[in-house]
Amino acid sequence: MTDVKPKASAAPVPDTGLIVPKRRRRPHPVLVIAIGAVVVVALTYVLPPFRNYQLATVGAYFCVTAGLTVLTGLNGQLSLGHGALMATGAYTLALTQNKFMNLPFSFAVAILVTTAAGAVIGLAAARLRGPYLAGLTLAVAIVVPSVTSTFDETFNSDQGLSVVLDPPPEAFPMEQWQAWLCWSAALVVVLLLALLVRGRFGRDLRAVRDDETAARLAGINIARTQVLAFVVSAVCAGVAGALFAVLAQSVSPGAFPLTLSLFLIMAIVIGGLGSLFGALWGAVLLVVLPTLSQSVGEQTGSQRLEGNLALIVFGVVLVVVMLAAPGGLASIPSRITRLIRRNR
Amino acid sequence: MSQFIYLTFDGLSRGLVYAAFALALVLIWRAARIVNFAQGAMAVAAVYVAYSVTNATGSYWLGFVVALLAGMVLGVTVERVVMRFVDHSSPLNGVVVALGLVLILQGTLGILYGNEYLPVETPFSRDAFEVGGVAMLSRYDLFVIGAVGTVVVALTLLFTRTAVGLRMRAAAFAPDVSRLLGVSVGGMLTLGWALAAAAGSLAGMLVVPTELGLHPTAMDVVFVSAFAAAVVGGLDSPIGAVVGGLVVGLLLSYVSGYIDVTVTPMAVLALLVVVLLGKPGGLFSSSKARVA
């Protein structure tokens with residue numbers, strides 16, 4: 001690959017609201033992550049156990065939404081298969097953990113396997129665009145229950161597998177330990193992503209998204225960039241899946257339905273495609289909204305409302321944000337000020 | 001051998017359903033350059049309407065007709081209220097909005113009808129006729145062939161023999177010129193969505209009784225199969241959609257008959273990968289230019 005000057009890769013970028021304004025210098029990611037770590041540790045001491053468990057779930061979701069927002073927001077590849085990649089990570093962790101009883105090793109294997117899976121799907125994805133890519137990854141998402149029932153000696157079909165874990169160190173309650181585990185993984189993942197995206201790789205991603213021809217002329221290897229983006233994002237999904245396996249201490253195909261993949265899309269769209277902070281808000285909503293809808297369901301005494309209300313809310317949010325503010329909720333204030341200025 | 005014959009007929013009957021569904025995708029793709037990922041959920045909604053009507057009146061046929069009408073209304077609503085306002089500068093946007101519609105429809109259906117599989121009756125027996133001890137077609141298969149055949153013939157006549165069909169093709173092929181010549185491009189788009197949604201609802205009515213039953217997510221796998229069928233045919237070609245549907249139907253029938261039913265989604269994925277990587281434009285794409 002030839003040397004790329006920043007000027008050359010700056011293809012005519014449409015004002016999509018995805019580009020960060022240059023005026024304010026952003027604090028260095030390491031600083032932000034360090035502050036985040038302090039906040040999370042403080043929270044785990046204040047929150048009651050169940051809230052700690054939810055906090056841990058947010059951390060796990062944050063891993064996958066951060067990875068997906070880099071893929072979809074910065075590189076323009078829409079993946080509906082990230083639920084399946086999470087399942088890959090979760091099942092790999094469960095199988096390895098139950099055999100070797102070594103959690104770090106299980107995580108390493110889970111990451112390796114999802115890297116391989118991401119590379120395979122990414123190689124196919126790099127040749128596809130728009131709806132074709134969405135359709136292929138949709139098929140990947142649909143295949144999970146089919147794989148687990150076909151190879152049921154390994155995956156135990158619909159029942160799934162339970163994950164045997166060593167108890168946490170005695171000084172810490174289970175939930176706090178889980179929150180720490182999930183958030184250390186999430187913060188490491190997000191820090192690496194943030195550093196990656198700041199540099200030349202991030203510029204390549206955006207250039208490929210905005211104008212493939214211009215990017216190619218600037219010497220960017222399009223296919224390699226796209227496959228790499230998919231692999232990076234798949235690894236994030238794999239880590240998240242492995243965390244979910246640890247959190248639930250079990251894995252089953254029911255935990256990774258198609259709606260999970262759609263929820264992930266909602267999470268990254270609502271926070272603004274391509275924004276890591278947006279991915280955090282998305283992850284928070286993924287935990288908060290179902291809880292809220294469940295409590296509404298309990299109050300009205302309607303079981304049907306419980307799971308389904310969240311679906312409707314997510315769907316409405318997705319449609320409304322896409323139609324009214326494609327830059328995500330974070331872009332609404334700047335949109336309003338721009339509107340006011342224009343009208344003046 | 002007798003199993004092979006049975007599976008072939010079963011596959012053709014199944015394939016025709018996929019063909020009808022793929023036709024719905026192709027109609028919208030040709031008119032609006034959108035793959036309607038909400039097609040499956042829309043079809044399920046129509047089947048639920050039919051279920052309610054049939055339960056209330058006891059008449060399958062009344063439910064059948066109402067389902068097609070409800071599908072049309074839903075298609076028009078989706079196009080007029082939502083899809084028309086999507087920013088099409090990126091192909092992602094249409095897909096994401098359609099996925100939002102999937103969530104809304106599935107959630108609403110779940111609240112109204114619950115998330116259990118509801119049993120759905122077929123109007124005709126599904127016991128296959130036997131010719132010389134070999135099971136072949138059932139009455140229901142004949143009904144499927146008749147229904148889908150009618151739709152294919154009607155659509156072909158509409159597009160090739162009528163003024164409305166000509167306008168629809170013109171509006172899709174050259175919107176600006178058609179507008180100058182007095183064609184209501186927006187109206188044609190809405191009509192396209194209505195026809196497509198009706199075809200999708202028909203496919204839903206035909207396929208749901210042959211599967212596990214009625215469920216908000218009942219069409220997910222069917223959607224992927226039909227998408228595969230449309231891709232095999234090239235997304236742009238109605239004839240391709242029918243042929244693609246038959247190919248997918250036969251493949252799934254053989255796979256479920258000779259290997260196992262649970263393997264069929266993997267077979268669809270494999271077919272998609274092979275076709276998309278081998279011939280991304282579909283088997284029937286001879287030219288790169290768009291042929292209306």
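Keep in mind that glycine also has a Cβ here, set from the backbone N, Cα and C atoms.
As annotated by TrEMBL, transmembrane segment applies to B:12-29 (among others).
Residues 21, 24-25, 28-29, 60, 62-64, 66-68, 70-71, 74-75, 78, 95, 98-99, 101-102, 105-106, 108-109, 112-113, 118, 120-121, 196-197, 200-201, 203-205, 208, 214-220, 222-223, 226 of the same chain lie 6+ residues outside the transmembrane segment (B:36-54) yet bring a C-beta within less than 8 angstroms of a C-beta in it. The transmembrane segment annotation in TrEMBL covers B:36-54 (among others).
Within the same chain, residues 32, 38, 42-43, 45-47, 49-54, 97, 101, 121, 123, 189-190, 193-198, 200-202, 204-205 sit at least 6 positions outside the transmembrane segment (B:60-82) and bring their C-beta atoms closer than 8 Å to a C-beta of that stretch. Here TrEMBL flags B:60-82 (among others) as transmembrane segment.
The annotation transmembrane segment is assigned in TrEMBL to B:94-114 (among others). For the transmembrane segment (B:94-114), the residues of the chain that approach it from at least six positions outside its boundaries are 32, 34-38, 40-42, 44-45, 48, 51, 78, 82-83, 86, 88, 214, 216-217, judged by C-beta separation under 8 angstroms.
What TrEMBL records for B:142-159 (among others) is transmembrane segment.
If you look up TrEMBL, you'll see B:180-208 (among others) marked as transmembrane segment.
The transmembrane segment annotation in TrEMBL covers B:214-232 (among others). Residues of the same chain lying 6 or more positions beyond the ends of the transmembrane segment (B:214-232) and with a Cβ under 8 Å from any Cβ of it are 15, 17-19, 21-22, 24-26, 29, 35, 37, 39-41, 43-44, 47-48, 51, 105-107, 109-110, 113, 115-120, 203-204, 207-208, 240-241, 243-245, 247-249, 252, 264-265, 268, 271-272, 275-276, 282-283.
Summarising the annotation, TrEMBL assigns transmembrane segment to B:239-259 (among others).
The feature transmembrane segment is assigned by TrEMBL to B:265-284 (among others).
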